[in-house]
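For reference, the structure is listed below as structure tokens.
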Amino acid sequence: DSEGGLYVCMNTFLGFGREHIERHYRKTGQCVYLHLKRHVIEKVPGASGGALPKRRNAKLFLDVETNSDLNSDDFEYEDEAKLVIFPDHYEISLPNIEELPALVTIACDAFLSAKSPYRKQDPDSWEEELQASKHAKTLVQLDNGVRIPPSGWKCSKCDLRENLWLNLTDGSVLCGKWFFDGSGGNGHAMEHYKETGYPLAVKLGTITPDRADVYSFDEEEPVLDPHIAKHLAHFGIDMLQMQVTENGLTDNDIKPRVSEWEVIQEAGMKLKPMYGPGYTGMKNLGNSCYLNAVMQAIFSIPEFQRAYVGNLPRIFDYSPLDPTQDFNTQMAKLGHGLLSGQYSKPPMKSELIEQVMKEEHKLQHNGISPRMFKAFISKGHPEFSSNRQQDAQEFFLHLINLVERNPVGSENPSDVFRFLVEERTQCCQSRKVRYTERVDYIMQLPVAMEAATNKDELIAYELKRREAEAARRPPPELVRAKIPFSACLQAFSEPNNVEDFWSSALQAKSAGVKTSRFASFPEYLVVQIKKFTFGLDWIPKKLDVSVDMPDFLDISHLRARGLQPGEEELPDIAPPIIIPDDPKALDIDESSVMQLAEMGFPLEACRKAVYYTGNLGAEVAFNWIIAHMEEPDFAEPLVIPAFGEVASSGAAAFGAVGLDNQPPEEMVAIIISMGFQRNLAIQALKATNNNLERALEWIFSHPELEEESEPVLDMMNMENNANANILAETGSEGPRIKDGSGRYELFGFISHMGTSTMSGHYVCHLKKEGRWVIYNDLRVCASERPPKDLGYIYFYHRIPS
């Protein structure tokens, strides 16, 4: 609130704007608030060349987050702090040792001296520079023949498959420490150090061509290992080749890789800047270009514009007491910033003259900084909450998940992406079939490398590249494989073998094939070209290909047809449950797990499905998922039961659900003591898996439920589901879809530059008002040569019939 400043409750330390503070007081009875107001003093050049102060208010509460550099020498700050006592609004200026108790003075001083969370989040200001480990140079590595595969890792002591660390002395793969939120591991990596004294370990999953997370148990802190490439190579992980080539050139020095960056960003061209509503750039917060690109595409869609920007007054009026933790408020705020045009204005003539006078010829961009939005949307996510580069496709699905869990009005904007996939599985021996349906949001197309139309050029390029490498010369100009889009579409529609298929007709494992078709076509079709993979040498590889993506797309021939005359369905018989003598000895089939995970289901749910169906294949595990996807603990980690519990767990695998689902009574009592109704307390705890802190946040984010006497089960289920694919099927009337014709027109695409999703840069191109526009973080310009053949994610909208 630029006029009223920020009010902070001295009991909960939640911040409120002037229009919300009265409501919070009436609701909670908290009467002591800290009132903060910051005045920005802008130095205006005076007649004599000096600087005259020009005072204006800073926006503290909703934080417009424009891209103005308020840290420059052109600005100074003047802060004002008061203690306000409600309901009389009695104000006490700070500091005031004479009138205030010592405890209150200490609390106010501690709050005022605390560092801003946004400053903490800024990588330029808070990341400490890591120091090289004292053990790196003299590290002894055992010659024990250990080789680490590129995937499928698990802790050698407890079978955990996340937060795994590779000991750089003996190659042991062990889990890390347990965190307060229930994530992490069992601390076996630390135990191993205490037993052996082997000091250094690298976290699996963080190894990229230019970095890896290394921890020193002896020094008790993250460290740098200058010899990490050599230490990883000892265990068969080739990092050095991607770090520096044999001729001493880094990847960024090689012309072909630079060429990709130039083509996608349209470098070297005089691009005309675009201004006004819908042409607002977004500041890169440090590897946040994936978020910027996705959000620009999302808010170019009318349904999202109506849901959040069109409903902005209502969303703000009914926002919870802490709007920084409300998804709809943050979406509305970001959408308004992008679409209002307030932060995308052409420079005034006086500003251009000032730049010339200061010899600043670089154009100063408008734009917004999505710092608060990123902080909220990535909260609790191990990857998106970091400052590392991420996969734009994974973030898109993460965003859709949050949209599904936080409905706004009667219309769900994510409905425009949702479609049904019909999967036809056939037993090759009995020839019987099974038809199932699942929900999806992205059409993933494989890259049909074998269909390249320039194979001769590729062979010649590879020969020249090897000769240049042997002679230590710079590599030749890159030749990209040219892949017809029709070949990728054909690869998508062809039957795939189903590994470990269990045939209910034969009551045994058999060979099976699966084909996928569209049971419905979405309003907006999102197409991903699957360019990223891992090689057997551990090097993350990007298929640097050119795909001739069409401006107009017709996939009507991929419409599902259902059971055909003459086809016989597989019997609806569940496979037998295999219970080993030692349950922990059961090795989960990771190939089946990954098949299910690629369908969009949570990884832990996939592992449970494969475990409880006795490794009988992805098809059987898929049926388990369909039967259990509405259970509250569907996406919770797999807990291997003790031997005496196996029978009950096995029964639950096919439908037996526990009846005692009530939250702990002590947690219910705590919430009731705060003045909330019992049924609301139970509902909130169920919706948050009995997490007290999250339950309170849930109550504050659903003020409309406080006056209701009965629990709203639909809302509870909506909050409890952790996956958008699952939620879409919870309704009694089936998933909400917007079926129609299968004819589409391209209106946007997101491109990636770099060698893997963990590095590089994302750029978005959108077609607006009949012309293509490039969104490159803060830079928004008319596109001259949109590189439609090099995209990673494409956005199509349905052509009205």
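Cβ from N, Cα, C; glycine included.
Curation does not apply to TrEMBL; its annotations are automatic.
The domain 'UBP-type' annotation in TrEMBL covers 131-239. If you look up TrEMBL, you'll see CYS155, CYS158, CYS175, HIS188 marked as Zn(2+) binding site. The feature domain 'USP' is assigned by TrEMBL to 280-799. Among the features that TrEMBL reports, active site, nucleophile is placed at CYS289. Taken from TrEMBL, the feature domain 'UBA' covers 587-628, 662-702. Positions annotated as active site, proton acceptor by TrEMBL: HIS761.
The Cβ neighbour count for HIS188 (Zn(2+) binding site), using a 10 Å radius over every protein chain in view, is 21. Annotation: HIS761 are the recorded positions among CYS155, CYS158, CYS175, HIS188, HIS761 whose CA atoms are within 10 angstroms of the CA of CYS289 (active site, nucleophile). Residues near the residue listed as 'active site, proton acceptor' in space but far in sequence (CB under 8 A, at least 6 apart, same chain), listed by position: TRP261, GLN265, CYS289, HIS752, MET753, GLY754. The average pLDDT computed over the domain 'USP' (280-799) stands at 80. Neighbour counts were taken as the number of other C-beta atoms within 10 angstroms of each residue's C-beta; across the recorded positions CYS155, CYS158, CYS175, CYS289, the minimum falls on CYS158. Counting residue by residue with DSSP, the domain 'UBP-type' (131-239) contains 15 helix, 23 strand, 71 coil. In the domain 'UBA' (587-628), the DSSP tally of helix, strand and coil residues is 29 helix, 0 strand, 13 coil.
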